[in-house]
Amino acid sequence: MGISKDNVTGLILALSSSIFIGSSFIIKKMGLKKAGNTGKSAASGGHAYLYEPWWWIGMISMIVGEIANFAAYAFAPAILVTPLGALSIIFSAVLAHFILQEKLHIFGMLGCALCMVGSTTIVLHAPHERVIHSVKEVWQLATEIGFILYIVAVAILVVALIFYYVPRYGQTHLFIYVSICSLTGSLTVMSVKAVGIALKLTFEGSNQFKYFQTWFFTIVVIGCCLLQINYLNKALDTFNTAVVSPVYYVMFTTLTIFASMIMFKDWVSQNASQIATELCGFVTILSGTFLLHKTKDMGNRPEETTPVFTTPEHSTSDLQTR
């Protein structure tokens, strides 16, 4: 199955997003380091980085990347766009290796290679984007019984997690915060895709902002994003980032693809072989992401020296006198 024109456009936007977002982490860290040398560091509560041009360049790079990622959903299915977010980790790791001298371990390089192989597999076998002529069609898909049941299930789980599990287990169990972020994140992506399609059609001359559905999806995006950011910050503040990032990526990507399957029925036009190949590509990306995160600090560890045991000088002299 050939790659459609819309899929190519979505692919280019997703790759651009990964490059800009991956680069932004390195550029912002350069700014933070320079700011820390001249004033109070961010880790100590300082805000000297706000006067550092490099930090602002990194921030602009991240915003551009997020806009490109937003636009990608208007052209390509979530099964193609979402897993490619792992490529930003590769760009960040490679740039850190050369610019920040944060050495990439051999297993980290293997993780990058796995992400590349998995991404290529998904790109070559991704389903074609559904042709949609109005945001009302997206609304119709979102109000079908299958997706309504998914929304209800997500709402019940999120409410239970927030009001029952967070007060009791939030500080000790990583999956509580990450589950809230991932569940709401899957709805965020579906709504982002709806708003992206509305913007795309509006720019083509068919105004979609005259329909209440467009504004409803916009409100859902804003609400879910705020909830997602709040609990992601709690997770990062409570647990090790090296653990939070891969777990969140796995859960968020899995639930987003699952939600897209239900709402947009991405795999209806594909056979079992194509679906199996995409799943293998997805698992390969997950494996590469996990390996990259687990070994990201190994390259910076000082080499251990093997202790050399020598015979004390006095013992040698004693032997000689004897």
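Using the three backbone atoms N, Cα and C, a Cβ is placed for every residue, glycine included.
Per TrEMBL, the features are:
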REGION    297-322  region 'Disordered'
TRANSMEM  7-27  transmembrane segment
TRANSMEM  54-72  transmembrane segment
TRANSMEM  79-100  transmembrane segment
TRANSMEM  106-126  transmembrane segment
TRANSMEM  147-166  transmembrane segment
TRANSMEM  172-199  transmembrane segment
TRANSMEM  211-231  transmembrane segment
TRANSMEM  243-263  transmembrane segment
TRANSMEM  275-293  transmembrane segment
- Message: Looking only at the recorded stretches 106-126, 147-166, 211-231, which one has the largest tally of CB-CB distances under 8 Å to the transmembrane segment (172-199)?
- Response: 211-231
- Note on the structure: Sequence-distant contacts of the transmembrane segment (211-231), meaning Cβ under 8 Å and at least 6 residues beyond its ends, amount to 134-136, 138-139, 158, 177, 180-181, 184-185, 187-188, 191-192, 194-195, 198
- Task: Given the cut-off of 8 Å on Cβ pairs that are 6 or more apart in sequence, determine whether the transmembrane segment (79-100) and the transmembrane segment (275-293) share at least 3 such pairs.
- Result: yes
- Query: Out of 7-27, 106-126, 147-166, 275-293, which stretch touches the transmembrane segment (54-72) the most, going by CB pairs under 8 Å?
  - Reply: 7-27
- Query: What stretch in 7-27, 147-166, 243-263, 275-293 has the biggest tally of Cβ pairs under 8 Å against the transmembrane segment (106-126)?
  - Reply: 275-293
- Given the transmembrane segment (147-166), its same-chain partners at Cβ distance under 8 Å and 6+ residues beyond its ends are 141, 173, 176-177, 179-180, 183-184, 186-187, 227, 259, 262-263
